[in-house]
Amino acid sequence: MKETIVAQATAPGRGGIGILRVSGPLATKVAQAILGKCPKPRMADYLPFKDADGTILDQGIALYFKSPNSFTGEDVLELQGHGGQVVLDLLLKRILQIDGIRLARPGEFSEQAFLNDKLDLAQAEAIADLIDATSEQAVRSALKSLQGEFSKKVNELVDSVIYLRTYVEASIDFPDEEIDFLADGKIEANLRGIINQLEDVRSEAKQGSILREGMKVVIAGRPNAGKSSLLNALAGREAAIVTDIAGTTRDVLREHIHIDGMPLHIIDTAGLRDAIDEVERIGISRAWTEIEQADRIILMLDSSDPESADLSKVRSEFLAKLPSTLPVTIVRNKIDLNGEQASESEQGGYQMISLSAQTHDGVQLLREHLKQAMGFQTGMEGGFLARRRHLDALDKAAEHLQIGLVQLTEFHAGELLAEELRLVQSYLSEITGQFTSDDLLGNIFSSFCIGK
């Protein structure tokens, strides 16, 4: 017999309304014990919530959803009372006294919904993403995922792969036919079509990943180059202390901002130089750690100081120490001191923005550059949120499609192509949970809120 679980569905703390959710075959037993009756399915009933001795603990709305017409696909009882934490704890304690009832694990209600085919894995993850959304655009995209937009695109890809895989395996199973199915062009055309179809989904998923997770941008450079001033300009507030004293910033400062809906984690770091004391040395060490973990570096140069703005010196002192794959944007700051105009150009293979963090002249140029460099498109009509595991699965599927194309066009190897298509199908199915390990499911749902 399946277990019956209970948890508080509203956030802990004081509030106007507090909700307890019960799911499982004993939900009606809980209703009888607490309410004295089971409400009619999908009908709100205003009733007292009673303790074991008949004492009224609270009173409020009771809702009963009969299996399979509920969020979890099981019998569900919701008790909506007053939001005082003590009241909710007393009611929860009473329910847990009933034989066969236990406290739900984090995300267990959503896990039950997934296991009972009420929603797939991508939709279940969208619930957590909707709760954690930090912008209006993220909310809209999470709702798209919850409504099955992402899953629909993935399932269409899976259907295309299954069709092609069936065709390829049929050509292998009937080698005596006069028609050479592998050479008639149909398989290659279909395969290239799937590759293009997958690229479209990958592009949208990358947008969705940026929207969900944000991008980590580290501001680095010599002391007194204006790094903290730029952080304040981008954040729109005095987030960092700014003085004319070199080395004012000793530790890492973090700000979460949005540029036209694109979330960015902006990180201000200590000035990079030979440290003059132990505290500054620790700050510089932390700065390099942040730099190594960044999605993009903003390298600040002081345009009023010819020596510090010398690109050849910057290349040897700083750029040569970075991983070759790490994107860098060079910012020439303090143009207000020499009368320059804000501009964007390319020098030495790097995009260069000339601006004044003090007057904010050119800061909007940097904002637009970051948005473009990150590949973010404002609006994202019809977009969906995506997680890192989704991108990994799509990337692996794309890799095996390309391998399959080589097996077909260069080696005429139908058996090897069929195996690559099987792997593609497996990776895509991981996204929606059709083929997913129990360990992965545990990791995903354990990150959810209790009561979700």
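Heads up, the Cβ atoms here are built off N, Cα and C, so glycines get one too.
Sequence annotations record features per position, and here Swiss-Prot assigns (6S)-5-formyl-5,6,7,8-tetrahydrofolate binding site to Arg21, Glu78, Lys118, Lys452 based on sequence analysis. Counting only same-chain residues at least 6 apart in sequence, those with a Cβ under 8 Å from the Cβ of Glu78 ((6S)-5-formyl-5,6,7,8-tetrahydrofolate binding site) are Ala9, Ile19, Leu20, Arg21, Val22, Ala62, Leu63, Tyr64, Phe65.
For Asn224, Thr243, Ile245, Thr248, the entry in Swiss-Prot reads K(+) binding site. Around the Cβ of Asn224 (K(+) binding site), a 10 Å sphere holds 22 further Cβ atoms from the protein chains shown.
Around Ser228 (Mg(2+) binding site), a 10 Å sphere centred on its CB holds 24 further CB atoms from the protein chains shown. Under the three-state DSSP scheme, Ser228 (Mg(2+) binding site) falls in the helix class. Under the heading GTP binding site, Swiss-Prot lists 224-229, 243-249, 268-271, citing sequence analysis as support.
What Swiss-Prot lists as Mg(2+) binding site is Ser228, Thr249, and the listing cites sequence analysis.
The domain 'TrmE-type G' feature in Swiss-Prot is assigned to 214-375.
Separation of the C-alpha atoms of Lys227 (GTP binding site) and Lys118 ((6S)-5-formyl-5,6,7,8-tetrahydrofolate binding site): 50 Å, rounded to the nearest whole number. The 10 Å shell around the Cβ of Lys452 ((6S)-5-formyl-5,6,7,8-tetrahydrofolate binding site) contains 21 further Cβ atoms across the protein chains shown. Residues Arg21, Glu78, Lys118, Lys452 are recorded as binding (6S)-5-formyl-5,6,7,8-tetrahydrofolate; their most distant pair of Cα atoms lies 18 Å apart. Every protein chain shown contributes to the tally, and the Cβ of Ala270 (GTP binding site) ends up with 27 other Cβ atoms within 10 Å. Neighbour counts were taken as the number of other C-beta atoms within 10 angstroms of each residue's C-beta; across the binding-site residues Arg21, Lys227, the minimum falls on Arg21.
Over all protein chains present, the Cβ of Lys118 ((6S)-5-formyl-5,6,7,8-tetrahydrofolate binding site) has 18 other Cβ atoms lying within 10 Å.
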